[in-house]
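Features of the protein shown, as given by Swiss-Prot:
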- His89: active site, proton donor (ACT_SITE)
- Trp27, Ala59, Ile60, Glu61, Val81, Val82, Ile83, Asn114: 5-amino-6-(D-ribitylamino)uracil binding site (BINDING)
- Gln86, Thr87, Arg128: (2S)-2-hydroxy-3-oxobutyl phosphate binding site (BINDING)
Amino acid sequence: MKGGAGVPDLPSLDASGVRLAIVASSWHGKICDALLDGARKVAAGCGLDDPTVVRVLGAIEIPVVAQELARNHDAVVALGVVIRGQTPHFDYVCDAVTQGLTRVSLDSSTPIANGVLTTNTEEQALDRAGLPTSAEDKGAQATVAALATALTLRELRAHS
């Protein structure tokens with residue numbers, strides 16, 4: 001995978017001992033399953049073979065489940081897909097999910113990585129899903145972001 005413009009190389013992390021949770025929606029199953037596969041591969045590569053995985057129906061349900069998971073996990077990865085339709089519903093869902101995840105992260109002081117794809121077309125989502133034909137793997141990227149942030153917070157808290 002070549003990655004999108006500006007995407008950094010994903011660092012190799014030892015996240016042993018980090019309690020990781022992944023919440024993934026079920027709409028656009030092929031894409032969400034691929035995002036989840038990418039997240040699980042990164043977790044395993046970072047020393048976490050058994051992250052907590054919770055499936056929800058749609059993207060709008062992700063923030064409340066992420067909030068509950070943040071109570072007893074060091075990092076949460078949110079995965080889903082919202083594809084623009086012909087009504088304003090897309091904008092409302094994307095805004096609600098993004099604001100919800102940000103609020104949960106700040107309120108809980110737990111990294112919540114936003115791997116919810118918000119695209120204009122299904123093709124754009126497929127190109128970011130981590131499939132063999134995809135340019136990017138947003139599930140993997142979100143997982144690295146969550147784990148790296150959890151490790152940074154652990155280090156900062158150890159020195160405060």
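Cβ from N, Cα, C; glycine included.
Features as recorded by Swiss-Prot, highlighted on the structure.
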residue : record                                           : DSSP class
Trp27   : 5-amino-6-(D-ribitylamino)uracil binding site    : coil
Ala59   : 5-amino-6-(D-ribitylamino)uracil binding site    : helix
Val81   : 5-amino-6-(D-ribitylamino)uracil binding site    : strand
Gln86   : (2S)-2-hydroxy-3-oxobutyl phosphate binding site : coil
Asn114  : 5-amino-6-(D-ribitylamino)uracil binding site    : strand
Arg128  : (2S)-2-hydroxy-3-oxobutyl phosphate binding site : coil
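Looking at Ile83 (5-amino-6-(D-ribitylamino)uracil binding site) and the residue listed as 'active site, proton donor', their Cα atoms lie 10 Å from each other.
For Ile60 (5-amino-6-(D-ribitylamino)uracil binding site) paired with His89 (active site, proton donor), the C-alpha to C-alpha distance reads 11 Å. For Asn114 (5-amino-6-(D-ribitylamino)uracil binding site), other Cβ atoms within 10 Å of its Cβ number 23. Between the CA atoms of His89 (active site, proton donor) and Arg128 ((2S)-2-hydroxy-3-oxobutyl phosphate binding site) there is a gap of 22 Å.
Cα-Cα distance from Arg128 ((2S)-2-hydroxy-3-oxobutyl phosphate binding site) to Val82 (5-amino-6-(D-ribitylamino)uracil binding site): 13 Å (rounded to the nearest whole number). Ile60 (5-amino-6-(D-ribitylamino)uracil binding site): 18 other CB atoms within 10 A of its CB, across all protein chains. Here the binding-site residues are Val82, Ile83, and the one ringed by the most other CB atoms within 10 angstroms is Val82. Candidate recorded positions: His89, Arg128. Fewest other C-beta atoms within 10 angstroms, His89. For Asn114 (5-amino-6-(D-ribitylamino)uracil binding site) paired with Thr87 ((2S)-2-hydroxy-3-oxobutyl phosphate binding site), the C-alpha to C-alpha distance reads 23 Å. Cβ-based neighbour count (10 Å, all protein chains) for Thr87 ((2S)-2-hydroxy-3-oxobutyl phosphate binding site) stands at 8.
All protein chains included, Glu61 (5-amino-6-(D-ribitylamino)uracil binding site) registers 18 other Cβ atoms within 10 Å of its own Cβ. Summarising the environment of Gln86 ((2S)-2-hydroxy-3-oxobutyl phosphate binding site), the number of other Cβ atoms within 10 Å of its Cβ, over all protein chains shown, is 6.
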